[in-house]
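J.: I have a structure I would like to understand better, so I am pasting it below and will then ask my questions one at a time.
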Amino acid sequence: MEVDPGSDDVEADRETRAQKLKLKRNVKFRAQMRRFDEYCGVTNLTVDDLNWPLISGIPLQRQRLTGATYYDDSLLDQNPWDEFSIDRFLEITSIQLITAGAGYERNDEITRFVFQRTMKTIVTYCNFMYDLARRNGKVQITRFELQDLIHRDEFRFYMYFRQFLPNPDPNCTAFSNHYTSLLHTLYFNIPGMPQFWNNSQMYNYAATRGQRLVQNIAAFYPPEYFWNEDESKYHTTFVVPRGTEFSKFYARRFHEALGMPPLENEIITVLDWLAKLCILEIVYHTTIWCDITGFGGLPRIEHYRLAMENVEDIIFDLAIDDFSISRLQLQISPFEISRYSPLDVSGYYETIKRKKDIEEYQNRFYEVHYSDDVRIMNVYATDCSRKR
């Protein structure tokens, strides 16, 4: 039997390519870790907060979550990473706080506190899902662990069902069966769930929050806020920075800021959605805390810190540490009890128009914050086939 003398060269070339690929992955990993260290000054996260090992050369698997395509090259952002600043995430947080009724002008202290609390919460979710994935014999977070997390709250799972409804996938029957099983358990095993699911009263949970937050907007925001027809600010998130389309560049930066959790690629869009819900809940919880304590006005930074002092996870009730009042070392100033009154709008027709604008905004608040379709679903109306 003769051996092809060129076979040794082919094998050597294969080993050379493998070494180059490994070297490329190591260089990329070191760059990601360097950026994570830079982000830590703003996110207040450390490596000790992460349960997953930071190992070089473990790529994320390309698997579908919703029918959207995370690896759509036509939407690739060409921005170089070294031109990105983590302060951009603070700007996005500020936009979300304004639309949630926290205040018309940006407050850097409140923005930083809410952003750090949100990032800590999302990392806690990733730790929970990663530990669950390891118990299931997996090396990364999959959509199964994601649904087990969201299933802890029936209303949030319904929101997830509405916004991330997966398309039928004949190649992933296990996921379809798991998804259907969770829906079945949710529908039949929770008392009153059939009525909640099929009745318009299911919106009351979010409508109550929206109504209270709109009261702040109506009392303290200028009339020009209601006349602005640009609704992109309502859809602005960490991975949709312009409020119009999904950005792979920002999704990668958001993933790096979280400490690069090992997850299926498109789960980053759901984590971004959970981050938006977390910001809304923090604003609402602090507003209600101010109502109970008798403070009449927009919450200040000390109110946010005191309101969130004994609160763990604001959505799924997971344990979150390192946010105690002693660690923050607050300098609390005395509360200023000042009852607010409606804005003085001169002119009958201006008053009528303002009331109408506020009513229309309140009716739209639930839609843009809780039930509006995720913008990326319209962007990713593409073929979901993969090149494995």
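Backbone N, Cα and C atoms are what each Cβ position is placed from, and that goes for glycine too.
Features from Swiss-Prot:
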type	residues	note
REPEAT	7-10	repeat '1-1'
REPEAT	110-113	repeat '2-1'
REPEAT	141-144	repeat '2-2'
REPEAT	234-237	repeat '3-1'
REPEAT	284-287	repeat '3-2'
REPEAT	371-374	repeat '1-2'
J.: What are the DSSP helix/strand/coil residue counts across the repeat '2-2' (141-144)?
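T.: Final tally across the stretch: 2 helix, 1 strand, 1 coil.
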J.: Looking only at the repeat '3-2' (284-287), how are its residues distributed among DSSP helix, strand and coil?
T.: 4 helix, 0 strand, 0 coil
J.: On the DSSP side of things, how many residues of the repeat '2-1' (110-113) fall into helix, strand and coil, could you say?
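T.: Per DSSP, the residues of the repeat '2-1' (110-113) fall into 4 helix, 0 strand, 0 coil.
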